[in-house]
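Enquirer: Found this in TrEMBL, in case it helps:
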- 171-180: disulfide bond (DISULFID)
- 139-181: domain 'EGF-like' (DOMAIN)
- 358-399: domain 'EGF-like' (DOMAIN)
- 1-26: signal peptide (SIGNAL)
- 429-448: transmembrane segment (TRANSMEM)
- 455-472: transmembrane segment (TRANSMEM)
């Protein structure tokens, strides 16, 4: 006979197994459930519209619904709608539809004329995953300041419209307090066009609050501003101090502050304004001009003898200097970039239409590759002699032979090993092994019950808990 203690132990073991398995499979988010339910309802209505058009070709939907006859509320039409409710990868959607398919069938066959709002009937009143607007949580409590005006319209109620959330207000910019009915620092209270309280931003110069929107309404001025009788908080021009920035930098005043910007690249040291016109002295490589200030000298244009760069390179002007760039591979000498700038072609190239173009040696009348079973392969500026397919080079000759196989497919064992290393199969493995363990351990539990073995039950519980912990660490 089983004692009360034995029955309690059995109950606890089964409860532990059930709880652990549910933790491995899934833990639903209340907000996500509500969102998914609304999507299901939206898809249901779209399915109704789609099945109407499939029979009448679109037009007056209300008239078409009346003319559908027995098909309007038929099981055939319902099946068509249900099949299109979820995308293939939406697991939560599929779960909700499968769990509550009977409720959808009930509404379809018996209640759709009475309960016009499927979202309210299905998501809120029937499967209870959503709440009405302005309410939240398992019992659909009202949000702070009431369901009609949650958070006084100046914030978002956590979980509003769902069975989740804490109902706390997340206030919009400028508002604070548990119900978002107070103005934050640097904001002042006024009335909107509906005589409702609103918080507006103080002037950027204000510190420690304000009574209005202008610089005159500041309680105090921020750093970088000074209090004046006529203007209120007035910007301080820090750039009046000549020592604010380092040599080679230009002081730029900004509201309440300043910045030190680098002088133009053509300036040698200090400057009085932005751009090349603001330079006091020009760097080497620049000339001073009346219209443009410091203007770059084009060394390449002035070097008529091309003595700046060596053979095989050309002169390229840069701001304040120049660089020697390599000629195109087709050029022996050049005056610029590309094959059209060659002044003399390299070996393997020929001037055609003012460009140095590659010579196809393999197409020449006198073939360059003369050995038996040898073929010519052209390359840019040259060519190579290679053995034809099925032949390999042995000394000077091309000998018939089989080349080694390449790009062999990996074996199934290699693919499996690589997949396991990358964690490719862990997620799928966890789901399958979890289901298998669930079945095996329940079988062992009932075996222990039949044998009246308390020790076996305790050991099974401990082993199962350890396995579940391990599976969680993998997922």
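In case you wondered, yes, glycine gets a Cβ from its N, Cα and C as well.
In TrEMBL, annotation is done automatically, which means it is predicted and not curated.
A description of the local structural setting of each listed feature is requested, covering burial, neighbours and distances.
Expert: Same-chain residues at least 6 positions away in sequence with a Cβ under 8 Å from that of residue 180 (disulfide bond) are, in sequence order, 144, 145, 151, 152, 154, 155, 169, 171, 172.
The average pLDDT for the domain 'EGF-like' (139-181) in the predicted structure is 96.
Beyond the domain 'EGF-like' (358-399), the same-chain residues lying 6 or more positions past its ends with a Cβ under 8 Å from any Cβ of the stretch are 329-330, 346-350.
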Enquirer: DSSP secondary structure for residue 180 (disulfide bond), reduced to helix/strand/coil, please.
Expert: coil
Enquirer: By DSSP assignment, list the helix, strand and coil residue numbers for the domain 'EGF-like' (358-399), in that order.
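Expert: Split into helix, strand and coil, the domain 'EGF-like' (358-399) gives 3 helix, 20 strand, 19 coil.
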Enquirer: Residues of the same chain, at least six outside the domain 'EGF-like' (139-181), with any C-beta under 8 angstroms of its C-beta?
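Expert: Hits for the domain 'EGF-like' (139-181): 29-31, 33-35, 124, 128-133, 187, 196-201.
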Enquirer: Hey, what's the Cβ neighbour count for residue 171 (disulfide bond) at 10 Å?
Expert: 21
